[in-house]
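Feature list (source: Swiss-Prot):
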{"type": "TRANSMEM", "residues": "28-48", "note": "transmembrane segment"}
{"type": "TRANSMEM", "residues": "96-116", "note": "transmembrane segment"}
{"type": "TRANSMEM", "residues": "136-156", "note": "transmembrane segment"}
{"type": "TRANSMEM", "residues": "177-197", "note": "transmembrane segment"}
{"type": "TRANSMEM", "residues": "210-230", "note": "transmembrane segment"}
{"type": "TRANSMEM", "residues": "264-286", "note": "transmembrane segment"}
{"type": "TRANSMEM", "residues": "301-321", "note": "transmembrane segment"}
{"type": "TRANSMEM", "residues": "335-355", "note": "transmembrane segment"}
{"type": "TRANSMEM", "residues": "366-386", "note": "transmembrane segment"}
Amino acid sequence: MTPTTVVSAAALDAEPGLDAFGNDPWWIILIKALAVFVFLMLCVLMMIMADRKVMGRMQQRHGPNRFGPWGLLQSLADGVKLSLKEDLIPRTVDKVIYIAAPMIAAIPAFFAFSVIPVGPEVTMFGVETRLQLTDLPVAVLLVLATASLGVYGIVLAGWASRSPYPLLGGLRASAQVISYEIAMGLSFIAVFIYAGTLSTSGIVEAQQNIWFAVILFPSFVIYLITMIGETNRLPFDLPEGEGELVGGFMTEYSSMKFTMFFLAEYVNMVTVSAMSVTLFLGGYLAPPPITTFWPGANEGWWPALWWLIKFVCVMFLFVWVRGSLPRVRYDQLMKLGWKILIPIQLVWITAVAVIRVLNNQEYPGYVTAIVVGVFGLLVFLGLWAWSRAAAKAKAQEAAEHEAELRARRENPMYGGFPVPPMIAPHYGTSVLAEEPRYQPASAPKREEVSGA
C-alpha cells in the first residue's frame, strides 16, 4: 500500500462523503481540470467587460462599445494589445524575483477553485462524477492558504522593483491581507461549527434546510467585507492607489507581467465569490421557494444553473461597490479590520458556539433564550461604552483643532511651514511698517578724465 493510498483511506474515514472523489478515470479528471481553467479565463474576460460596462452605466456613459457586438470582445482586444507591448525591465531591479513575482501571484489563484463544488453527481460521457474537481477534509483551509500565497508575489514585486512606490504598495498589500484574512478565517469558524465539517461539499449538503447566510448573517456580512479587502478592490485598493502610489506594486511592470497581476486579481475575485456561494448561499442547492413546488430542482444539471446565478449576483457586488464607494484612507482600513471586524466576529463566534452546545445537549428553550439575552446585553453595553469613548475622543479632537486654529491666527508661523507664507516678515512686500526697509547705497558716479 502506497503512502498516497494510506492518506486517501484516512481522509475517507474522516469524511465519509469524500468517497465519490478519486475514482474517476484520468480523462474525466483531465476534462474537469480543463473546464475549471477555461471557466476561470472566461469569467475574467466577462468580469472585466461587465466591470467597465456597469461602471459606465453608473457614471452615465456607454462604456466600451466598439470592438465586437456591443463591445463584448473589448477584453480580448485589451489582452492582445498588452501581449504585444514591449516588455521593459528596469536596469536596477532584482531580475529573478522581478520576473517570478507575477507568476507567484497568479498561479495559486487557480488552485483554490479546484475544491469548489458546482453541482452534485451527474453523468458525464457515461461516467458518474461530481461537478467538482476534488475535495479534501480541510478544503476550506486550502482555499484560505492559496488566497494568502498570492500576497507573496505582490510583496516580492514591490521589493524587487527597487522603487519607493512599488515597495510601499507591497507593504500595504501584506498588512491588508494579514488584517482581513484574520476576520475572514473567523467568519469560516461559525460555518464549521454548524456544518461539522471543513469539506466544501459537506458544507453545501449541510445547508439543505436553511442557508447559513440566514442563521449566520453577521458572519456573512463580515465575509463580504473581507473578501473585498482580500482582493484589493475599491474601496480597499490601497496597494495600488493611483493618487498616492502611481500604480503601486505594478508601477515598474509592463506587457504580460502586468497582465498576470490583473489576471490574479480577477481570478481571486472569482474564487472568493464562489466561496461565498459555497459557505453561505447553499452552493448548488436551489433556493427554498423553488424546491417546495419542484422536487427535482436539485437533480441533474439544474444545480449548476442555481450555482451560476448566485455566483453572478455576488460578482456583481464587486462592481456595485466599486462604483458606489470612494477609496478609504489607510488608517481607516486598518481601524476597520482590527478594531471593528475582528472584535465583532470574536463575540459572534462565542455566541454561536454556546448556542450550538446548548442545542446539542438538548437544553430547554428558555436556557438558550437567557444566554442570547445575556450576550445581547453585553453587546449593548459594549456598544454603549464604545460610543461614549468615541464621542469623548471626537470632542477632544475638536478642542485640539480649535486650539490649533486659534494659535495659527495669533502666529502665522505656528507649527512651521516648508515654504514660509507670504505674510512672513522676511518678504519685502509684507514687512511691518515700523521696521525700516533696507535701502541699498547708490553707486558712486565715475569721474570722466579728460585727455591733455
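Glycine is treated like the rest: Cβ placed from N, Cα and C.
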- Criterion met for the transmembrane segment (28-48) and the transmembrane segment (264-286) (at least three Cβ pairs under 8 Å): yes
- Task: Determine which recorded stretch among 96-116, 136-156, 264-286, 301-321, 366-386 has the most C-beta pairs below 8 angstroms with the transmembrane segment (210-230).
- Result: 264-286
- Task: May I ask for the residues of the chain that lie six or more residues beyond the transmembrane segment (136-156) and have a Cβ under 8 Å from a Cβ within it?
- Result: 11, 14-15, 18, 97, 100-106, 108-109, 111-112, 115, 169-171, 173-174, 177, 181, 184-185, 188, 191-192, 197-201, 203, 230, 239, 249, 261, 264, 268, 271-272, 275, 279
- Message: Under 8 Å for C-beta pairs, could you tell me which stretch among 264-286, 301-321, 335-355 has the largest tally with the transmembrane segment (177-197)?
- Response: 335-355
- Task: Take a look at 96-116, 301-321, 366-386 and tell me which one has the most Cβ pairs under 8 Å to the transmembrane segment (335-355).
- Result: 366-386
- Task: Could you tell me what the rest of the chain brings near the transmembrane segment (301-321), counting residues at least six beyond its ends with Cβ under 8 Å?
- Result: 43, 47, 50-51, 54-55, 118-120, 122, 131, 224, 228, 231, 233-235, 269-270, 273-274, 276-277, 281-287, 290
